[in-house]
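Engineer: Here you go, one structure.
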Amino acid sequence: MKFPSFLSLGIAASTTALAALPDQKPIGDTIADVHLGKFLIELAPGDTRWVTEEEKWGLKRDGRKFFDITAEVEQNLFPRAFAKTAVTFPTGLHRTVEVMPLAAQLSKDNMFSHLTTFTSFHTRYYKSETGIQSATWLMKQIQKTISSSPASNARVEKFEHPWGQFSVIATVPGQSNKTVVIGAHQDSINMFLPSILAAPGADDDGSGTVTILEAFRVLLQSEAIAQGNATNTVEFHWYSAEEGGLLGSQAVFSKYKQDNKDIRAMLQQDMTGYSKGTLDAGELESVGVITDFVDEGLTEFIKKVVNGYCDIPFVLTECGYACSDHASASRFGYPSAFVIESKFEHSSQHIHTGQDTIETLDFNHMLQHAKMTLGLAYELAFADI
């Protein structure tokens, strides 16, 4: 997501990393080929420029965030022309009796086990062979989660992309086509040499990936959810290529808009595991509720969910334009929100380097994000929205 303030971490180990690399064959980017290797990015509303891929990474190293909107040019899309979906969210929590026993089933051990394997791939860079392998492994875990649950109508599908690594979408049908989306991004990147250096991506965003996977597992244990009795459909998304400019999530929500899908809410979980920055600053452990470029009504409801289902409070924070995949939902007119591990300035400084490892994470903190995710998914599954 963002880039750490120091640049030396990945370089120091580069000689060792280069000596023991698995074969990483880059996969072609057909969209960029049309424009002779250049990409159209948007750094702020209306602020666009054509850049090379290396210029993209340079901007990210400088902490600049952006949409890669090259595909919009190819498809003649104009997302800002889309009408915003108007949704009225509940004024309080109505499913605590059902959610509390489910929340007790959330497992730190499951998240640790999944993340241990997920971070063992050399990189989950979206153009790499190991990025495809990690996506394949993730999809198999989701399939196992569904097959071991009572939810016979739940399903998981690939959402293919031209760059290789696919996004993954799991669907739990309800009584209507109104849909609540829970998202995280599965790719990782080492911002120094993306195609070569290791990118374990434990926090960014392996933590969000396994957090929502665990919430998904427990949600399917609900008899009402498993039998399809929820008012609304719930989807869990694991996006490819967030690090390339929100590419995977843009492709998903662009397709959803073309198909007239009725998305009522989208929550992004990107970086859920690092609490040390907050504690080192002498502040209370908390989750960070993003307040800029999000839907105000959904964000207000999420505050209630945190207060009702988490054991720690929230703090309000900002992350800027196009800072994670919720921005893609907003771009196509869908209400979205984002909850991160802390105040933005206290989030992990290890990301986008080989030092973003599982040892830096706090699984008790991730459990709080899982409780919030489960609570939101269940409450909105049965809400009149």
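For all residues, glycine too, the Cβ spot is worked out from N, Cα and C.
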Engineer: According to Swiss-Prot, which residue among Cys310, Cys319 is joined to Cys323 by a disulfide bond?
Structural biologist: Cys319
Engineer: Among His94, His346, His352, which residue shares the Zn(2+) 2 site with Asp204, Glu243 according to Swiss-Prot?
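Structural biologist: Looking at His94, His346, His352, the one Swiss-Prot places in the Zn(2+) 2 site next to Asp204, Glu243 is His352.
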Engineer: Among His185, His237, find me the residue Swiss-Prot lists at the same Zn(2+) 1 site as Asp204, Asp270.
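Structural biologist: Answer, per Swiss-Prot (Zn(2+) 1 site with Asp204, Asp270), from His185, His237: His185.
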Engineer: Which three-state DSSP class does His185 (Zn(2+) 1 binding site) fall into?
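Structural biologist: The residue in question, His185 (Zn(2+) 1 binding site), is strand (DSSP, three-state).
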